[in-house]
Structures are given as structure tokens and as C-alpha cells.
Amino acid sequence: MSGSENGLRISNDYINHVSNNIANASTIGYKSSQPVFFDIFSTSLHSKNAIGNGAGILTVIPNFNNGTLKQTDRDLDFGIANEGFFRVLDTEGHIYYTRNGQFILDSNKNIVNMQGMYLTGCNQSSLKNACNTSNMEVINLKNAYTLQAKPTTEIRLKMFLNSSQANNLPNTNNSYNQLMDLENNTTYLSIYKKNGEEEKIDISFNKLDKNKWEVHFKSNNADNQNGINNTFELRFNEHGKLISDANINIKSNNSQYNDINLDLTDTIEKPGIHNVFEELAQNGYSESKLKTFHFLPNGEILGMYANQKSKIIGQILLSKFISPEKLQPENGNLWSATAESGTEIIGIAGQNGFGNLVSRFLEMSNVDLNKELINMIIAQRNYQSNAQSFKAEDKMINTLINLR
């Protein structure tokens, strides 16, 4: 009767296994699994007297095929297109892996899953050179909520000058923060001091001689004696090409200002053209607060600030294994590494075999309900058959007992 008894037990385990797959058909990132059965013999398999003694479950193989990605329009929902796991830490520092990309921000601005486990990757401070995959850390956005002011160190000025006249220079690009004073032939540009304070700079132009212009940079404030006050010449050859230095250092005796490099590359002088600014820009900005953030396919977190600036403020890294089917399943739709799963490989989404990170999408369970319902019918039939076999064996034993 041991064969029938084993059959009942294994069929019951199989029913429980199929039931678990069906129950998790709506679980985010869940991976279905399939038990592998093997024969049990009472003696050696090669013996002529080997007797079948039922079956057993050798192992359970998870199915890591991708589930369907479903759009949620929620910023902290992620799916992984193809290979990779999110790497999370519990409060005791234990490492787990999951395909469930549902995350939230906790009160300390850590990105955590619904169980409060911390998502790992690189923070803003780690991105100055490159994200170091060998030094994973909890992703925390607290320091990214304020964009520190950046003093102006670079001004880009590209002009087209009429060699036959010295008219004022209208601006053709409305995106630059400046005004024109038509009477005084002066342009105004906003720059930023070391403390992040905004200041207007007057930029005036006067033609001195053939192929020669004078440019004057001056602080537009009540105390302009302590600000920027620089004058320099632009010289062109007979073909209108700038032959004086295209990079000029604008200095101030006031320590509130950084030295500023003025880049005049591609400024030209030609007859018969209108005097015009083709480009006028600077690289400074004031302090600003984080307005929103987005996630890029490589896992980078792009912060968008109230002053229209943007900055990479972190990066989600993914993990993978040579033998993911050997990972140990844990409660909460998690896995943990084992010796059989191989060494953890950490990398950037979209590179070296890792799938892309898809923001505002979640990976659905890969359970095939039709298949699992068929498996349930098969498992129930097997259970019924083993029960009938058990009853038949029981009846035979009773008959033998009654022969006495």
C-alpha cells in the first residue's frame, strides 16, 4: 500500500502547488513554478526484483519567463523588460531579490517596497564619477530635494556683426534672459554669484575701427565699483574671422564672483548682414527645490527642479544570477541567493544582458490560468486514481485476513 499512499501524498502536494500558482495569478511579479516528479523503487533500479514504490517530488523549477507589463502611470512603479531582479535590504541588512516593482518613498525619503525593504543602487553623491556597482547603497533622495546654487563660470556669446556699420544687436533667441537697450547699444544678461544671488550684467558693444570692436561687461547694480567691470577688444581678419582670443577671462576684485570664461567661438564679422546675437547663455543658477522626478530606462533618476534645471540624483541597479532557478523562494514574493544559484551579478539596466527598466509599468504574474486549471484537473484525477488504488489494496488485504 506504500505506493498508493505515496501517490496520495504526492497528488495532494501537486494540488497544493497548482493551487498556489492559481492563487498568485494576480500577484505582481510572481513567477509560476512546476514540480519535477521521480519514481521510487523499493530495491535497486537494476535489480530484477525492483518494485515500484510510488513517486516523489524531486525539485520545483520556477518559470522566470517575463510576465506582461501593465501600465499604471505611477512614478514609483517599475517593470523589468527581460532579465534582472530588484535588490532590496530588510532592516537587519539581509539581501533579497524580487520582480515586484511596486515602491514608495518612506518618511526619510528612502525608496522602499510595500514590506518596507530598501531598494539599492547609487545615490547622488556616488554619481560624481560613475555609479560603482561594487558598492551598493540604499537609495535615499533626501539630499536631492534641494538643488544647490551654482555660480556662473561660463558665458557663451555668439555674434554676427556687420563690418560696415555699428548697429545695436537684436537677439534672435527668445529663450535667453536678457533685454536690449536700443539707445545705448547694451544687452543685459543674468549671472549668479557664489551665494546664488542673481545679478544683471550690462554687455555693451561699440565699433572702434575697421574689423575692430570694443566689448564692455559691467555689473548693473548700485555698487558696480565692486562688481564686474571688464573691457576688451574683438579683432577680425579681412574674411570676418575672429583673430583675437575667443576665450576671455572676466574677473572681479570682489570675492562674491567666480572668474568667468567668456566663450566667443564662431563669432564673425561680415558686410551686408544684420548685427545679431545668435547665442547668449550662461551656466549658473539659483538654489531650487525638487519639483518631480522621472526614471530612465537605465535606472537613472532624473530630478526636475522649479528653476527648470534637471539633474541625475540616483540610479537603480539590478541583479542577476547564472542559475536563477536555484534561488530560494521566500515569503512576500522574494528570493534569496544560494550556493547553487551562483554569484550575484550587479549591473546597469539595459547593459550586459540586463533588461531595461520600464517606469510607470508593473510586471504581472506569468501564471497561465488555463494551463494551471488543466493541471488541477489532472492532479485531482491522479488523487482519485490513487485513492481507488488504495481502496483496492485495502480490500485485498481484508480478503486475505478473512481467509483465516
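Cβ from N, Cα, C; glycine included.
Nobody curates TrEMBL annotations by hand; they come from automatic prediction.
Note that the structure is a prediction, hence the values are computed from the model and not measured.
The annotation domain 'Flagellar hook protein FlgE/F/G-like D1' is assigned in TrEMBL to 80-121. For 183-285, the entry in TrEMBL reads domain 'Flagellar hook protein FlgE D2'. Sequence annotations record features per position, and here TrEMBL assigns domain 'Flagellar basal-body/hook protein C-terminal' to 359-403.
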Looking only at the domain 'Flagellar basal-body/hook protein C-terminal' (359-403), what is the mean pLDDT?
77
Based on DSSP, tally up the residues of the domain 'Flagellar hook protein FlgE D2' (183-285) by helix, strand and coil.
3 helix, 56 strand, 44 coil
What are the helix, strand and coil residue counts for the domain 'Flagellar hook protein FlgE/F/G-like D1' (80-121) according to DSSP?
0 helix, 23 strand, 19 coil
